[in-house]
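Take a look at the structure set out below.
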Amino acid sequence: MATTPIFNASCSFPSTRGIDCKSYIGLRSNVSKVSVASSRIATSQRRNLVVRASESGNGHAKKLGMSDAECEAAVAAGNVPEAPPVPPKPAAPVGTPIIKPLNLSRRPRRNRASPVTRAAFQETDISPANFVYPLFIHEGEEDTPIGAMPGCYRLGWRHGLVQEVAKARAVGVNSIVLFPKVPEALKNSTGDEAYNDNGLVPRTIRLLKDKYPDLIIYTDVALDPYSSDGHDGIVREDGVIMNDETVHQLCKQAVSQARAGADVVSPSDMMDGRVGAIRSALDAEGFQNVSIMSYTAKYASSFYGPFREALDSNPRFGDKKTYQMNPANYREALIEAREDEAEGADILLVKPGLPYLDIIRLLRDKSPLPIAAYQVSGEYSMIKAGGVLKMIDEEKVMMESLMCLRRAGADIILTYFALQAATCLCGEKR
C-alpha cells in the first residue's frame, strides 16, 4: 500500500499526530484504477451496482457514453455492471472451537479495527508546539557531554546553544528553558549571582532574543545553581531553609531575567508565597506581560539525579524535603495549586512527570490554568539507557511517554526529548 508522508525533513510547522501515525496517516487508496464491465446481465437478475478495482489502465474508469437518466434506467431494468464476488470469510486456524457468538450489544474493538478509524477517534494528540526544550548552558566555548544524560550537553552559550536552538526551531520547537552551570567562584551562601544583570542567564537571553526575537524563553528562578550550599534557598546556621529572605532574593532574580527579555519566569524553589511576591516585583518594574510558570507540585523526588550532576547543584548537606513535596501526598498538590492561582501564576507545573500522572490529572480537573509537566532527567535517562541496551524501542517508548503526559492533561511538556521527538514527528531521525 502506497503512503504519502504528511511531514518532511524541512518542516518548520508540523501537524499533530499520534504515536503510531507513521503507519496510517495520509494513506492513499490502493484502488488505483476503476472500470465498468461492458457486458449486460439478464433483467431478472438484480444486483447492486459496484465498480471493480483494477491494477491496470490509466487510473480513470471507462465511460459508457450514457447520460445519468440512461444509467439509472439501465440499473432499474437490471442491466447492472458486473461486480466483484462477495469475499470469502477468512478461515480460522485449525482446531479453533466452533461456538455461538457472544450476545454483545457493544464491541469496542470495532472502533479499533482500522488504522483510519483509530486515527479518527484518537482523543489525544501531540505536536512540537507542546514541547519546551530544557537546555544546559555554561561559560565555556565547547559543548560538554553530560555522562548521566546521553545525548545532552552543557552548551557553550555563544555557539553550541545558538546552534541547538536553530535545530529545534527547524522542527517546530520554539520554546526553551535555560539552566546554567555557574562557576564555583561565583557561588555564595545567599546566591547573589542569581540577580547579576550581566550573569550567564541574562547574557544568554539577550543573545538569543537578538538572534531569534520570537523565541519563547522560560527561565528557572531558584538559588540552588548559585548557592554554595546547593539548596534552593538561604540556609540558616542550624540548617533551616529561610523562606521569606529567600523569596526576597528570588524577586530580584526574576526581575533581572525579565529585564534581559525572558518571556516566562519559573520559580522552582517551592518557597511559600514566592509567586505573589514575584508577581508584585515584576509589575512594580513594568513587566506586567512577563508570565509566571510556577513549579506548583514539585516533589522531593529521586528522579532528579542526572540533572544535579549536569549543574553540579547537589545539596552539600541534607535533602530538600522541608520545602519540596512528599511523594506520598496527593491532596497537598491542591493546596499549592490554589495558593499559586490566587497569587497570580499563569501556568501550573508538575514535576516529575510520568510518576505523577495522577497529580497532572488532578490539577487539570481542578484548575482552569494551563498545566505543564516536566519529564525530568531520571525519566529521560532511563528511556535512553533502555534503548542503548536494546531492552526497549527508544523511539516508541519516548513517544508513548510524551503522549501519556498529554493524555493526563499536560498542555506543555518540558522534556529533554523535545528535539528528538519533534524530529520524529516531522518524519525524520536526527
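Note that Cβ sites are derived from N, Cα and C of the backbone, with glycine treated the same way.
Checking the ranges 2-21, 82-101, 142-161 against Swiss-Prot, the region 'Disordered' annotation falls on 82-101.
For Lys298 (active site, schiff-base intermediate with substrate), applying a Cβ distance below 8 Å and a minimum sequence separation of six or more within one chain yields Ser268, Met270, Gln324, Met325, Leu349, Val350, Lys351.
According to DSSP, Lys351 (active site, schiff-base intermediate with substrate) is assigned to a strand segment.
Over all protein chains present, the Cβ of Lys351 (active site, schiff-base intermediate with substrate) has 24 other Cβ atoms lying within 10 Å. Break the region 'Disordered' (82-101) down by DSSP state and the numbers are 0 helix, 0 strand, 20 coil.
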